[in-house]
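Student: Please find one structure pasted underneath; my questions will follow.
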Amino acid sequence: MERTFAIIKPDAVERNVTGKVLAMIEEGGFKIVGMKKIRLSKCQAEGFYYVHKERPFFGDLCAFMSRGPVIALVLEKENAIADWRALMGATNPANAEAGTIRKALGVSIEENTVHGSDSPESASYEIPYFFNQLELV
């Protein structure tokens, strides 16, 4: 079994669509092995998104991710990373395929409802950023 990391972003929490996202995750065959609701500080968001530090959108991204609560998740299934990326859909909801979370619930490129690890290396950094082993069942 493979594990991946996911975040339900502040825009989705604000719009009360967390339950819809969780339903789509479970319908997609994922097992939720870790879940917590947290509010990132700007510093924590900067640490999490450090790989984008030199990108022009870094400041706006960190401000957005720290503006309200998020739901951090660890998902498990065979091919979890690729399957989660497929279920999320394209970054821009306008370009996402029907049946994906971003097509159904995304508002814009920034307010696109969810985040997901893009590789095993990313997952191995992102999961322990939010969870210790005792929190994963």
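Glycine residues also receive a Cβ, built from the backbone N, Cα and C atoms like all the rest.
Annotations for this protein, taken from Swiss-Prot, read as follows:
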type     : residues                                  : note
ACT_SITE : His115                                    : active site, pros-phosphohistidine intermediate
BINDING  : Lys9, Phe57, Arg85, Thr91, Arg102, Asn112 : ATP binding site
Student: Could you state the CA-to-CA distance between Arg85 (ATP binding site) and His115 (active site, pros-phosphohistidine intermediate) to the nearest Å?
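Tutor: Arg85 (ATP binding site) and His115 (active site, pros-phosphohistidine intermediate) have their Cα atoms 9 Å apart.
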Student: Taking the Cβ of Thr91 (ATP binding site) as reference, which residues of that chain separated by at least 6 in sequence fall under 8 Å from it?
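Tutor: Same-chain residues close to Thr91 (ATP binding site) (Cβ under 8 Å, separated by 6 or more) are Arg102, Ile109, Asn112.
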Student: Over all shown protein chains, what is the count of other CB atoms within 10 A of the CB belonging to Lys9 (ATP binding site)?
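Tutor: Other Cβ atoms found within 10 Å: 23.
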Student: Pop the Cα-Cα gap between Phe57 (ATP binding site) and His115 (active site, pros-phosphohistidine intermediate) into the table, whole Å please.
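Tutor: Pair distance, Cα basis, whole Å: 15 Å.
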Student: Check Arg102 (ATP binding site) against DSSP and tell me helix, strand or coil, would you?
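Tutor: Helix, per DSSP.
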Student: For the recorded positions listed here (Arg85, Arg102, His115), which one has the lowest count of neighbouring CB atoms within 10 Å of its own CB?
Tutor: Arg85
Student: Let's check the environment of Asn112 (ATP binding site): how many other CB atoms sit within 10 Å of its CB?
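Tutor: For Asn112 (ATP binding site), the count of other Cβ atoms within 10 Å is 23.
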Student: Measure from the Cβ of Phe57 (ATP binding site) and count the other Cβ atoms within 10 Å, all protein chains considered.
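Tutor: Summing over all protein chains shown, Phe57 (ATP binding site) has 12 other Cβ atoms within 10 Å.
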Student: Check the DSSP secondary structure of Thr91 (ATP binding site), expressed as helix, strand or coil.
Tutor: coil
